[in-house]
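Everything below concerns the one structure shown next.
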Amino acid sequence: MVYTSLSSKDGNYPYQLNIAHLYGNLMNTYGDNGNILMLKYVAEKLGAHVTVDIVSLHDDFDENHYDIAFFGGGQDFEQSIIADDLPAKKESIDNYIQNDGVVLAICGGFQLLGQYYVEASGKRIEGLGVMGHYTLNQTNNRFIGDIKIHNEDFDETYYGFENHQGRTFLSDDQKPLGQVVYGNGNNEEKVGEGVHYKNVFGSYFHGPILSRNANLAYRLVTTALKKKYGQDIQLPAYEDILSQEIAEEYSDVKSKADFS
């Protein structure tokens with residue numbers, strides 16, 4: 001049963017955003033609730049009342065109701081359970097994506113939107129198949145460490161931490177979320193990280209990604225608001241509401257920490 005897990009306090013909000021947390025009771029291994037909280041924080045700064053629903057096993061995904069869908073990461077066991085449930089949601093999620101619905105997909109969620117992924121054990125798990133990427137495993141190796149990427153289309157830089165065994169390869173109609181400045185990225189080619197397709201943003205960044213990259217959170221929320229209320233909607237600039245939320249490299253954070 002779909003249920004509301006989080007909602008803005010009552011107030012005079014000019015806008016409303018409905019967020020679907022896909023399998024939020026199962027896929028929350030990497031602090032993904034922090035991404036939900038950041039979406040809510042930024043949306044409220046922009047004048048939007050937020051309602052977050054958990055859409056999980058045997059639930060319908062209402063493509064016309066939700067303005068943002070978040071699909072987080074999980075362990076192989078949970079992902080295999082979800083992979084069995086996803087086909088019932090395929091049509092609605094595919095329609096949502098093709099109609100420019102806003103999606104943030106992290107780690108396992110990113111993998112499951114694609115064609116398939118191969119577990120560390122070598123077992124192939126079928127993905128939802130609504131996007132063209134696929135994920136292979138690797139032997140005795142993981143991509144672990146700090147990572148920095150740059151999105152040339154948006155001229156934005158994102159920072160994160162990666163820890164993944166999978167090697168993801170994008171299809172010809174997909175772009176990476178960003179070009180790798182340092183770190184590994186999607187695979188051993190160390191060229192791109194994540195995916196950007198229509199209004200789908202996928203990444204392997206743990207963290208959670210949005211707490212460290214408020215510029216990306218702002219982009220997701222403003223994209224959703226403009227889609228719902230029109231491109232001419234007047235919204236506060238990023239600098240006006242999030243001037244203190246500057247993305248920082250790990251080295252910068254360490255140098256500013258007070259250990260006294």
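Glycine too: its Cβ is placed from the backbone N, Cα and C atoms.
Per Swiss-Prot, these features apply:
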- 16-214: domain 'GATase cobBQ-type' (DOMAIN)
- Cys107: active site, nucleophile (ACT_SITE)
- Arg142: substrate binding site (BINDING)
- His206: active site (ACT_SITE)
Across the domain 'GATase cobBQ-type' (16-214), the model's average pLDDT, rounded to a whole number, is 94
Sort out for me which one of Cys107, His206 has the most neighbouring CB atoms within 10 A, since those are the active-site residues we care about. Cys107
Determine, to the nearest whole angstrom, how far the Cα atom of Cys107 (active site, nucleophile) is from the Cα atom of His206 (active site). 8
